[in-house]
Amino acid sequence: MVSLVPCGFAQVLCTNPLDIGELRNYKSKQCVDIVGNQGSGNIATHDCDGLSDQQIIMCGDGTIRNEARNYCFTPDGSGNANVMSSPCTLYPEIPSSQRWRLGRKKAFTDNGGIEQVATEIINLASGKCLDVEGSDGTGDIGVYDCQNLDDQYFYIRSRGPELFYGRLRNEKSDLCLDVEGSEGKGNVLMYSCEDNLDQWFRYYENGEIVNAKQGMCLDVEGSDGSGNVGIYRCDDLRDQMWSRPNAYCNGDYCSFLNKESNKCLDVSGDQGTGDVGTWQCDGLPDQRFKWVFDDWEVPTATWNMVGCDQNGKVSQQISNTISFSSTVTAGVAVEVSSTIEKGVIFAKASVSVKVTASLSKAWTNSQSGTTAITYTCDNYDSDEEFTRGCMWQLAIETTEVKSGDLLVWNPQIIKCTRSNTAPGCAPFTKCANEDCTFCTDI
């Protein structure tokens, strides 16, 4: 079994997250959701909606939190009842009822061809599993005796690597794919290209095309992959997945084939203007689109020393800071998020897709504003008590190709080591020893 709890010390904010994303139930494929949208209260499964209360943080202190509010998953009682999103008890230490570990695993391949790994999530106080009330994997979430049933397995969903990010410009009209209205919800049509997030999309290995404004998927009205196209919550269904075969490309302009119907993304009429739907692939320019984006260099990740003590514990105030010569606009924030998700270099090697996805989510979350916190090294990642050593804060650097401007981001992500040599393990991985020279995936 893999432990979710490398350390038991309290974190006001989660400064060493192990994973961030949609936590889905293996049986129903629905998302773990905090009822309402404030991040507090009853926990149940729900259709995935892309909102922050469904962005779950698996924290290195053993707690499970959500991005909408810094609350902990807490069984109502002594670890034997319904689970709530409640204030974390931090002092004198986190109680075992708010700490969790991972149990048995089940690997499977989803509809997009991406391998997922679902695990049991076990409460330390009761030794019972996170469990969905309904045997179909829908309903309220509590804890129950571990029975190795599908509704007791959960996974942070991966879409695979991000392949493209930007606006989609039509070859015929030079107009861009646009979500009608200003909220990034509803019908999709062609419109003059502009720097609004409802025109920016991410394209993933599993075939999903996700709108940057609302985190929803390009979706065909008919479940058979035929009909009008809009954006809708991402359901892990083939009518929301698209391929981009080279046979349907003309230079940088390519057609998108719906995986359910094998029909092409098509603009109504023959001028490349108007509403968007699917139609038989005809090889005409109104069915071809080009990715238009601003380039950033591949980001690099390093650990910077923030304090050492060879005779005791290290305490430092940790802030989230961004250094950039220009304003970090909403457009720049999304570009950087996409750049991070496409790949990060640490110690001259590329980090895993899981690490880049989690870093991208951490970057996006940091844009809403954070407060400085005082953090103390009480334990090493290996769960041994911290007796001496150094604290390290993560730094991410990338350069905008067009302007040459450097952006440096120092998030509230830290590691504590015995050595005064920088940790050898990437963020969102675990140090297997006190000097952090050996690493394990979480």
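Each residue, glycine too, has its Cβ placed from N, Cα and C.
The annotation Ca(2+) 1 binding site is assigned in Swiss-Prot to Asp33, Ile34, Gly36, Asp53 on the grounds of experimental evidence. Every protein chain considered, the tally of other Cβ atoms within 10 Å of the Cβ of Asp53 (Ca(2+) 1 binding site) stands at 25.
Its Cβ placed at the centre, Cys14 (disulfide bond) has 23 other Cβ atoms within 10 Å. DSSP gives Cys14 (disulfide bond) a coil state; it is part of no helix or strand. Taken from Swiss-Prot, the feature disulfide bond covers Cys14-Cys59 (among others).
Per Swiss-Prot, the feature disulfide bond maps to Cys31-Cys48 (among others); the stated evidence is experimental evidence. Counting only same-chain residues six or more apart in sequence, the Cβ atoms lying under 8 angstroms from the Cβ of Cys48 (disulfide bond) belong to Glu22, Arg24, Gln30, Cys31, Gln54, Arg233, Cys234, Asp235. Cys48 (disulfide bond) carries neither a helix nor a strand DSSP state and counts as coil.
Other Cβ atoms within 10 Å of the Cβ of Cys88 (disulfide bond) number 21 in total over all chains. If you look up Swiss-Prot, you'll see Cys72-Cys88 (among others) marked as disulfide bond.
Residues annotated as disulfide bond in Swiss-Prot, with experimental evidence given as evidence: Cys129-Cys146 (among others). In sequence order, Gly103, Glu120, Ile122, Gly127, Lys128, Cys129, Gln152 make up the list of same-chain residues 6 or more apart from Cys146 (disulfide bond) whose Cβ falls under 8 Å from its Cβ. DSSP gives Cys146 (disulfide bond) a coil state; it is part of no helix or strand.
Within its own chain, Cys193 (disulfide bond) has Arg167, Arg169, Asp174, Leu175, Cys176, Gln199, Val292 as residues 6 or more apart in sequence whose C-beta sits under 8 angstroms from its own. Among the features that Swiss-Prot reports, disulfide bond is placed at Cys176-Cys193 (among others), with the record citing experimental evidence.
In the three-state DSSP scheme, Cys234 (disulfide bond) is classed as coil. What Swiss-Prot lists as disulfide bond is Cys217-Cys234 (among others).
Under DSSP, Cys254 (disulfide bond) is assigned to a strand (E or B) in the three-state scheme. A 10 Å cutoff on Cβ-Cβ distances gives Cys254 (disulfide bond) a total of 22 other Cβ atoms nearby, all chains included. If you look up Swiss-Prot, you'll see Cys249-Cys254 (among others) marked as disulfide bond, on the strength of experimental evidence.
If you take the C-beta of Cys281 (disulfide bond) and look for same-chain residues 6 or more apart in sequence within under 8 angstroms, you find Tyr248, Ser255, Leu257, Asn262, Lys263, Cys264, Gln287. Under DSSP, Cys281 (disulfide bond) is assigned to coil, being neither helix nor strand in the three-state scheme. According to Swiss-Prot, the disulfide bond annotation covers Cys264-Cys281 (among others), on the basis of experimental evidence.
With a cut-off of 8 Å between CB atoms and residues at least 6 apart in sequence, the same chain places Val314, Gly389, Cys390, Met391, Asn420 near Cys308 (disulfide bond), listed in sequence order. Look at Swiss-Prot and you will find Cys308-Cys390 (among others) tagged as disulfide bond.
The Cβ neighbour count for Cys377 (disulfide bond), using a 10 Å radius and every protein chain shown, is 28. Taken from Swiss-Prot, the feature disulfide bond applies to Cys377-Cys416 (among others).
Residues annotated as disulfide bond in Swiss-Prot, with experimental evidence given as evidence: Cys425-Cys439 (among others). Sequence-distant neighbours of Cys439 (disulfide bond) (same chain, six or more apart, CB under 8 Å from its CB) are Gly424, Cys425, Ala426, Thr429, Lys430, Cys431, Ala432, listed in sequence order. In the three-state DSSP assignment, the secondary structure recorded for Cys439 (disulfide bond) is strand.
For Cys431-Cys436 (among others), the entry in Swiss-Prot reads disulfide bond. For Cys431 (disulfide bond), the Cβ neighbour count at a 10 Å cut-off comes to 23, with all displayed protein chains included.
The domain 'Ricin B-type lectin 1' annotation in Swiss-Prot covers 28-102, and the record cites sequence analysis as its basis. Here the domain 'Ricin B-type lectin 1' (28-102) has, by DSSP, the following mix of helix, strand and coil residues: 6 helix, 34 strand, 35 coil.
Annotation source Swiss-Prot lists domain 'Ricin B-type lectin 3' at 261-293, citing sequence analysis.
Non-local neighbourhood of Cys436 (disulfide bond): Tyr380, Asp381, Lys415, Thr417, Ser419, Pro423, Gly424, Cys425, each in the same chain, at least six residues away, with C-beta under 8 Å from its C-beta. For the Ca(2+) 1 site, the Cβ centre of Asp33, Ile34, Gly36, Asp53 serves as reference, and the other residues of the chain with Cβ at most 8 Å from it are Val35, Asn37, Gln38, Gly39, Gly41, Ile43, His46, Leu51, Gln54, Asn66, Ala68, Ser85. With respect to Cβ neighbours within 10 Å, the recorded positions Cys31, Ile34, Cys176, Cys249, Cys390 differ, and Cys249 shows the lowest count. All protein chains considered, the CB of Cys234 (disulfide bond) has 24 other CB atoms within 10 Å.
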